[in-house]
């Protein structure tokens, strides 16, 4: 019996405010769906953040519907929890999964009041949706009930969407030891880097599936090391970390941390960009360059990248001035995302304050009522 674990598609996210990056994220999701159909697992579990926003754009909804309908046509059910990006900040607004459920019916199973489902009378699947730090005590109560309800099952999976220590030691909401110790697979979302860890003396596997595309430049190094995509698990026999394998998708190339201090560095970087032109998608470039080479380099690579962020290096001052194609708003949004803050709320408040919006306090009040 096989299952797929996926998370953090963030459909609708427009990195650098580019159509091409929004489409990349749709394509990565649909590539995952196509690979899942090739594998034909018994079911799919999804650990949240299907969408970038709780009010996703039409194209994001269309993409999600296209992919999930393909699974339905192959009789592959999907078990899905809400991540922080999927949950509306105002209680008056509906959740996007409602529309999906109306069309997909029982092939899409979510975890609201009902914290568990059972697949084929054999596999117990529990789910706890994302909550803010102040609501974690309620999550512990939910975990106790899930653990109690699962006692008569040998095969058990638990979905969650939180930051967990030691994977995020600087800013976490829960500990690995907070989770029931007799579940086979603890399936996480929220963290965009892949992670697999045997726990409970190797009898359980704790996992983050990671995102299905590069959502931030901070993810590039991990992508090159561990890839992006989903996990495939096998519950047929004795279950341990060897029962899990990575299934990868290909993302657009990012060239980062390039230092151009002389003509040789210049030539190598241009050649690397030229060699990537045979790929279907133009790369994204982050680099530092000395002042005297900046103008010629900027002109030469003008048509070789989708997006570039170049820092001029003043070797005397050992400082850099960033010259890029971003607006202040784009840089601000990326900074918020890198800090793992709530991009939708912080950026929404920022815009309201700029416009002297009288509803700013109501906006903040609705957010905190819904999250704390």
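Placement of Cβ uses the backbone N, Cα and C atoms for every residue, glycine included.
If you check Swiss-Prot, you get these features:
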BINDING   8, 10, 49, 192  Mn(2+) 1 binding site
BINDING   49, 84, 161, 190  Mn(2+) 2 binding site
ACT_SITE  85  active site, proton donor
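Taking the features listed in Swiss-Prot, we show where each one sits on the structure.
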{"residue": "8", "record": "Mn(2+) 1 binding site", "DSSP class": "coil"}
{"residue": "49", "record": "Mn(2+) 1 binding site", "DSSP class": "coil"}
{"residue": "84", "record": "Mn(2+) 2 binding site", "DSSP class": "coil"}
{"residue": "161", "record": "Mn(2+) 2 binding site", "DSSP class": "strand"}
{"residue": "190", "record": "Mn(2+) 2 binding site", "DSSP class": "coil"}
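Across the fold, the C-alpha of residue 190 (Mn(2+) 2 binding site) and the C-alpha of residue 8 (Mn(2+) 1 binding site) stand 7 Å from each other. Other Cβ atoms within 10 Å of the Cβ of residue 8 (Mn(2+) 1 binding site) number 26 in total over all chains. The Cβ of residue 192 (Mn(2+) 1 binding site) lies under 8 Å from the Cβ of 8, 210, 211, 215, 216, 219, 222, each of these being in the same chain and 6 or more residues away along the sequence.
Sitting within 8 Å of the Cβ centre of 49, 84, 161, 190, and not among those site residues for Mn(2+) 2, are the Cβ atoms of 7, 8, 47, 48, 82, 83, 85, 86, 130, 162, 189. Taking the C-alpha atom of residue 85 (active site, proton donor) as reference, the shortest distance to any of the binding-site residues 10, 49, 161 belongs to 49.
Excluding 8, 10, 49, 192 themselves, the residues of that chain whose CB lies within 8 A of the CB mean position for the Mn(2+) 1 site are, in sequence, 7, 9, 48, 83, 85, 189, 190, 211, 212, 215.
On its own chain, residue 161 (Mn(2+) 2 binding site) has 7, 47, 48, 49, 81, 82, 83, 84, 128, 129, 130, 188, 189, 190 as residues at least 6 apart in sequence with a Cβ closer than 8 Å to its own Cβ.
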